[in-house]
Each structure stands twice: as C-alpha cells, then as structure tokens.
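Visitor: Annotation comment: TrEMBL describes 1-16 as signal peptide. The annotation disulfide bond is assigned in TrEMBL to Cys19-Cys260, Cys159-Cys202. The cyanocob(III)alamin binding site annotation in TrEMBL covers Thr146, Asn147, Tyr148, Tyr149, Gln150, Asp191, Asn239, Gln284, Trp395, His396, Leu397, Leu404, Tyr426. According to TrEMBL, the feature domain 'Transcobalamin-like C-terminal' maps to 349-424.
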Amino acid sequence: MLALVIITGLLAFASSKPCVTEGSNSELLLTLNRNLVRSLESPEGLPNPSVHLALRLSHHHNQSKETDHLNKLKNELHNDIQTSLSNCKTVTGTMALYSLALKSSCYDLNTISFTANDKSETLLTHLKRQMEQEKYHIAFSHRPLTNYYQYSLGVLALCVSGIRVNNHVSHKLIKAAENEHFRHGETESIDTYAMAGMALQCVKNSGSYAHNAEELDLTLNKIKQKLLASRRSDGHIGNEFSTGLAVQALLAMGSEVGDCSVSMEAMRTAARSNTYHNPMAISQTLPALQRKTYLSVKTLDCLNEDDTLVLEPVDPTVVLPSETKVKVMVEVVTASGAAAAYSVDVPKGSSLLEALELLERKNLGFTFQKESSLWGPFLSVVNGEQARQIDRRYWHLSSDGMALTEGVGDFKINATQKITIKNTSY
C-alpha cells in the first residue's frame, strides 16, 4: 500500500488535474453510460439495482429504458426478495440496494411492501428489522449475519431514505471501523471502508447520531485516511474495481480536489482500456467520474431531466475461439487442506468459467457448481464441497499466486498459468 507521506507529496501534482470531468472526458462518460443502458437488455440474471442507481445519478438519461428497468426491479427483484424473506433468509444488501434504486427514481417507498409471518409491512420497515437482526448478531458473534459491506449499505439506505438510524446500529459500524474489522479473507476490504464511510457521513449529515459526535468524526477521519493510504502508485485505491466506491466515499466525506483527481484519472485510463466491461463495475465507477455519490440520491427531485441518451444500432459480433491453445493448471484446496491438481488446454482468451467447464467435461474428477450474483457467477461447490456464506467461507481464486480481482466469468486466460481454487474462511 502507498504510504500517506507519499500521498502528501503527490498533492501538488494532483491539484493541477481537477475532478471536473467535462470537455475531453465527456465522450468517455457517454460511452460508459451507453454501455450501462445496453446491459439492461441482457436476459441473464435479475435486474441489477446498482445499475439502475448509476443510471439515475448520471447526467444523461434514456427515460424509456430506465422506466422499463424500474418496472423490472419492482417485479422480478421484488419477487426474489419476497421469496428470500419467506424462506427466512437475510437479504440486507439486496434490500438496501433495492431501496436506493427506487429512491433514485423518486418512487414512494411507503407503497412497497413485503409479507413475512403473514404480516405485510413496508420495505423500509423490513430493512430496519434486518438491521436490528444484524446488530444483535454482532453483539453475540462479533460479526454481522451477512458482512459489514451489506451492513453499511443498510445504514446508508435507511439514512438516505430519511429514516433515523438507531444509534446502536450506527455505533456497531463505528466500532467495527475503529477495530479494523473490514476484511475479506486475509486482506482489508476497501469496498467496505468506502461504503461505511458514505453510510456514516450520511448519519453525521442527518444530525441523528446523539451517542458520541466526536467518536463519529474520528471514525470518519480514520476511514478517509485508510482509503488514502490504500492508493497505489497508479492512482487506484485498493484495486481497479474498488476505486469507484472509494472515490465516491472521499467525495462524500468532503475531500478536496487533490484527494480524488489522481484516482479519477486512473479510472478514466482503465475505462479507456475496457477494464470496466462488467456492468456492476461500471455502475460503481460512473457516479464517481461524474462527482456523484450514493448520498446524492437524497437530493434527487427527478424534475426536468435530460432524455438525450440514444443507443445507436450495434451490429452483432461473432467471436471465434482462438486456434492458439494455452495450458491451465487447476489446483483445488479443500477446507481440510487436501489438494487435487488438474490440467486442461483451452483456447487463448477463454474466460476462467469456460476453462473450468472444459475441465469438467474431461471427466477427470473435477466438478463445480456456480451461483449468480450482481457481479456475475461465482463458485459455490467444487468437487462436492460447499463454501457457503452462512459458514463464513468462500472459494478464493488466484492465478500464479496472485488473488483475482475479477470473477470466473470475467477473468481471461491469455497465457499458461496455475489457477488455485481454495476453500477459505473470512
């Protein structure tokens, strides 16, 4: 991680590159915006509330597409949340993002309800209850039912929606930040620090936290310094896919121009090289590049909005498999530490998911199952062994010893390498 002393030395350089993203960067923003709108046409998975949120925070709109997507959220995603609640599953993060997406369209959240235990209550009432359950779990188990990222999202969604967040709920998040409990496996979770920063800044802005105002200020400053200290030499904070949320948090917490311009330029460079091809990644990056944050949802009025974002017809492209083959060694490490090794030749440019599918078809004993998420598919079962969130475990992926920052559907195999799939606790 980049030391704070180095960051300080960069401020003079950074201040010469303002955060304003107009002029030469406007076409890049329009391209990202169009890519997000095009992603709405994908038939795969549930409608993504994070994508809707980014579209609503954007300067440019395609009102027809956004309205259609809002209706899909209110039907398909709503029904999925209802099914989870009926099965007593905790869905704090999804419910929070759903709330933020509806709020960003100026939708009356009091008209949205779910039924649990034969009782119908509003979306925000259910979210408050989920947060209380998370809080109690922290008290007895020293961790949320889900994770601190989802917990932060819940605090943020309630606060942005004008709901007073229980002081004890906020205090649990403050203490977790103080004690540096925001980790994913063995590494610090910059995404979680960023989301917690936005959530606690919203709580501070609301004036509702009466427990200890000084403690809240100290925690916000600690989060800000943590994000700045995690900035790499190329400007990214954490990695390419956490920088968007980190910049949003810095902006929300009142950072000066010098705190964000280097990271904004890093995101623009990554965007031009098509690093952000996953809709979820774009949805967290685009608001930051437009100097918007999730706190901006609170002041949206949805009046006199732009409606000029038009999608030009795109000719379908057929990508033929490469004739060049590369060897992939796959090592599976179970929770007990037992390891099994396999190898498979795949066309250069294949996704890791495609490589694993080819390996499974070779009938060498390797099997896997996947589940869907807002970021795309992820591994849930490998060689018959589960890695479940309820057990605080996941399948950690690395290539030649380096942790992957992309999922199985996005990571590309372009050279011979060793992929390690390890059942890991967090």
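Keep in mind that glycine also has a Cβ here, set from the backbone N, Cα and C atoms.
Just tell me what is around each of these and how deep it sits.
Guide: Around Cys260 (disulfide bond), taking its Cβ as the centre, 24 other Cβ atoms fall within 10 Å, counting all chains.
Around the Cβ of Cys202 (disulfide bond), the number of neighbouring Cβ atoms within 10 Å comes to 24.
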Visitor: Between the binding-site residues Thr146, Gln150, Asn239, where is the Cβ count within 10 Å the lowest?
Guide: Asn239
Visitor: Using Cα coordinates, what distance in whole Å links Cys202 (disulfide bond) and Trp395 (cyanocob(III)alamin binding site)?
Guide: 34
Visitor: Looking only at the domain 'Transcobalamin-like C-terminal' (349-424), what is the model's average confidence as pLDDT?
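Guide: Mean pLDDT for the domain 'Transcobalamin-like C-terminal' (349-424): 93.
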Visitor: If you count other C-beta atoms within 10 angstroms, which of the binding-site residues Tyr148, Trp395, Tyr426 is the most crowded?
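Guide: Checking each of Tyr148, Trp395, Tyr426, the winner is Tyr148.
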